[in-house]
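Written below as structure tokens is the structure these notes are about.
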Amino acid sequence: MKTHCTRTWVLLRKDAADMVKNPNMLIMLLLPVLFSWIYTFIGAETGEHLTPAAVLTLATLMTLALVPLSLLSTAIAEEKEKNTLRTLMLTGVTAGEFLTSKALATELSIAVVSTATFFVAGAPVTALAPYLAASLLGALPLLLLGAVIGIASRDQMSTGIAAAPLALLMMLPAMFGAAGGVIGFIARLMPTTAVLDLVYAAMELQALDLVSSMLVLAVWSVLSAAVFALIYKKKRLDN
Amino acid sequence: MEEQITMRGVGISFGGAQALRDLTFSVGRGEIFGFLGPSGAGKTTTIKLLTRQLTADEGEIGVFGEPVEKLAGGAFRRIGVLSDNSGVYERLTVQQNLELLAQLRGVDKARVQELIEAVGLADARGKTAKKLSRGMRQRVMLAGAVLHRPQLLFLDEPTASLDPGTTAGIHALLRQLNAQGTTIFLTTHDMEEADKLCGRVAFLHHGHIEECGAPEELKLKYAKNEIVALLADGRRVSAEKTAEGLDRIRRAAGSCAILSVHSQEPDLEELFLQVTGRKLA
């Protein structure tokens, strides 16, 4: 157990440092922060600025769509593409240690990005802890899906084929759900909409229905875990 | 001798093409075993089977006396592998790459410094792997494979694309590891390397071992029963390795001085050609 923890810790430090050293990953992490800063200028001419909650909503959607799906899948695929995964496996690193460190590094980066966007949006400090909890919890099913894409992809380039449409699917219904109708119905089923409800609750605004939001997140987590197990069993890590 | 590697009747196919067939050999503790063959002969596939990166269609494979299927994390800590699909982290420096592997293997950082010197990368220790030449990367990967002084070391073409000076350094390192008890399984195209390092060699041709033994034994086995004399006028005269043969050379030389007489022993390259009917390169 101690060996597992030590190796996961060593890998986590490497993965976390790599997110800063890798220009592609760094850009993905900076985009939500940059956009939340830009959103704060919306309505500046009329004096009707977006509220911190509105800015955070848009930034959270972007963070959840980009980081767990694109960043995690790219990180896994890069290790396969550049044969470093094979090197790790031959030192006795297990698939569990490898994936745990990648998932933890991604959660860590979500925490950092979310904290930055939180302050850029000008949200009250008292809401930081519940906001982070909502973001990190909501990222779990997306992390599993990001890992599935990484495992199924041969290289970094091919991760985009699955990650980009999935990211749009996670973002758009949640953004336009308020329009109602079919979009509104689909939005209620998406994990990102559920996270936004949690974010609203964290900001002490009226959330639609927290119980159903938690239920949606739970169902997505179970389904994502099942897909992950299926794909992992079929492809293994180093396919 | 305690066997570190055993293969009995091993075969594997890819898409209907037989890559290895009826592969049978064993490697004892403390040996340096050379696996020689041209590209596509199945050398890398054999290493992949021995390190559980592939599963054989038939036959039995054993490592450390256990079936290879039981090779788990603990056993990998006693094994070092340098293969054509090993990789280095491009955004990390030479030193950071090796320190990462040292931490994963629980090896002291002082060993990293020792190996950086041993593989001739002292001047490049601060360079990111992205900026290294292919040969330098190969040296980083080799250092990574031997960091933990493995009990069993698999090397796939370890000195390919290295200059003669660095190759000599690597050979010294391998001999040192072997003297400390490391069993080495080495694939190579370089017959001189195999001759210098290996206690036994196997010739792999079309996925099958055609010949296996100590280089000296094989040379004697396939030696031509012939002697060659170099005469002062530049002529070379060959004859059977018998008293009559020697007389024939004397007669052919006549009044011309005989500068040297030597027997005709093939080198490993010639042996491979003789046994398999094809050249290595």
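Yeah, the Cβs are placed from backbone N, Cα and C, and that goes for glycine too.
TrEMBL lists A:59-228 with the feature domain 'ABC-2 type transporter transmembrane'.
Per TrEMBL, transmembrane segment is recorded for A:23-42 (among others).
Sequence-distant contacts of the transmembrane segment (A:54-77) (same chain, six or more residues past either end, CB-CB distance under 8 Å): 15, 18-19, 24-25, 28-29, 31-33, 35-36, 39-40, 99, 102-103, 105-106, 109-110, 113-114, 117-118, 120-123, 131, 135, 138-139, 142-143, 145-147, 149-151, 153-156, 158-160, 162-164, 166-168, 170-171, 174-175, 192, 195-196, 199-200, 203. If you look up TrEMBL, you'll see A:54-77 (among others) marked as transmembrane segment.
Outside the transmembrane segment (A:108-125) by six or more residues, the chain places 12, 16, 19, 29, 32-33, 36-37, 39-40, 52-53, 55-56, 59-60, 63-64, 67-68, 71, 131-132, 135-136, 139, 203 with a CB less than 8 A from a CB of the stretch. For A:108-125 (among others), the entry in TrEMBL reads transmembrane segment.
Look at TrEMBL and you will find A:131-152 (among others) tagged as transmembrane segment. Within the chain, the transmembrane segment (A:131-152) has long-range Cβ neighbours (under 8 A, six or more residues past its boundaries) at 56, 60, 63-65, 67-77, 99, 102-103, 106-107, 110-111, 114-115, 118, 123, 159, 162-163, 166, 170, 191-192, 194-195, 198-199, 201-203, 217, 220-221, 223-225, 227-228, 231-232, 235, 237, 239.
Annotation comment: TrEMBL describes A:164-190 (among others) as transmembrane segment.
What TrEMBL records for A:210-232 (among others) is transmembrane segment.
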Contact set, same chain, for the transmembrane segment (A:210-232): CB under 8 Å, 6 or more residues outside the stretch: 95, 137-138, 140-142, 144-145, 147-148, 151-152, 188-191, 193-195, 197-198, 201
